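Trainee: Got a structure here, written out as structure tokens. Questions coming.
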Amino acid sequence: MILSREQNKQCNITGRVFNIQKFSVNDGPGIRTIVFLKGCPLRCKWCSNPESQNKEFQLMYNNQNCIECYKCVQTCGKCAIEKNNSGKKLKINRNICDDCGKCVEKCYSEALVMSGKNMTVEEVIKEVKKDSAQFRRSKGGLTISGGEPLMQEEFTKQLLIEAKRNGINTAIETTGYGNEKSIEEIIPLIDVILLDIKNLNSEKHKKFTGVDNKIILENTKRIAELAKELIIRVPVIQGFNADKKSIREIAKFVRSLETIDEIHLLPYHKMGVNKYECLGRDYELLDLETPSEKLMDDLREEVLKEGLMCNIGAV
Ligand code: SF4
Ligand code: SF4
């Protein structure tokens, strides 16, 4: 394929990716390849991809993979990493470590990895296109996730343009937290939008996610007008929104948008807890239970009462 000079320039735009996951069946129709971008304006306490939140590169250390060769200790010129005598095999001083990644190059057991990789649009699309045959067979495609893809708006936009030029179905997973201009430019390029609404109570929203819900709700209305297909997803979290009142309020709001007829309720899970440890962070919700089947059924009833369809679990 011969590209014009302008297309060539756009293919060279660089974004920061932390994972490309193949064969996903939960994040849009068919079999999908998910491109996870780094950076998110929210800080959801239950986030299962905590490495997605910070846009910067981040050193991750998995104690279980460490074979105690201590090559990393010898390599770090800043003395940010040292042997540990009790508990974990290594101690990383995150106040000194600048995430330069030199220790990662010496760690052959992959106990140390750097989260984040700069990739051009062309590089990402080349990787995604390897799965074209699966996409055709399953009516799948590319899903851009995060983090929040709208935070890397130009990169996301160009990825979507290139995917479309290659005949690839496009989906996005978004918090809805972005600026008006990027939403208006990006949404028409997407076949399926998966948008989270977490709580209509703004105070509670802020306490559990770090931001209030004003921008998200306004953007949801805007997206509902522009979207080809919009699916609202609700992560169901005990003590936050796993109650009839909270879910009924969300269902009422969704019904008022008039263009959406379905909500997906996603029960909380503990996947990703280990990643907090790898980042040297505490996980605040350790004692939190997964909602029972009975509770999920009761919450589904609340959605049905508003005349909407309701799915429990993934798309
Ligand atoms: S280089 Fe890797 S395996 Fe060796 S001590 Fe460091 S973290 Fe452990
Ligand atoms: S990332 Fe760089 S500064 Fe941090 S521990 Fe490794 S070598 Fe040291």
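The first residue you see is number 1, and the count goes up from there.
Using N, Cα and C of the backbone, Cβ positions are placed for all residues, glycine too.
Since the structure is predicted, the reported quantities are computational estimates derived from the model, not experimental observations.
For reference, TrEMBL lists these features for the protein:
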DOMAIN    26-305  domain 'Radical SAM core'
DOMAIN    57-86  domain '4Fe-4S ferredoxin-type'
DOMAIN    88-117  domain '4Fe-4S ferredoxin-type'
Trainee: Going along the chain, which residues at least six beyond the ends of the domain '4Fe-4S ferredoxin-type' (57-86) come within the CB cut-off of under 8 Å?
Mentor: 51, 92-94, 96-116, 274-275, 277-280
Trainee: Looking at the domain 'Radical SAM core' (26-305) alone, can you tell me the average pLDDT?
Mentor: 96
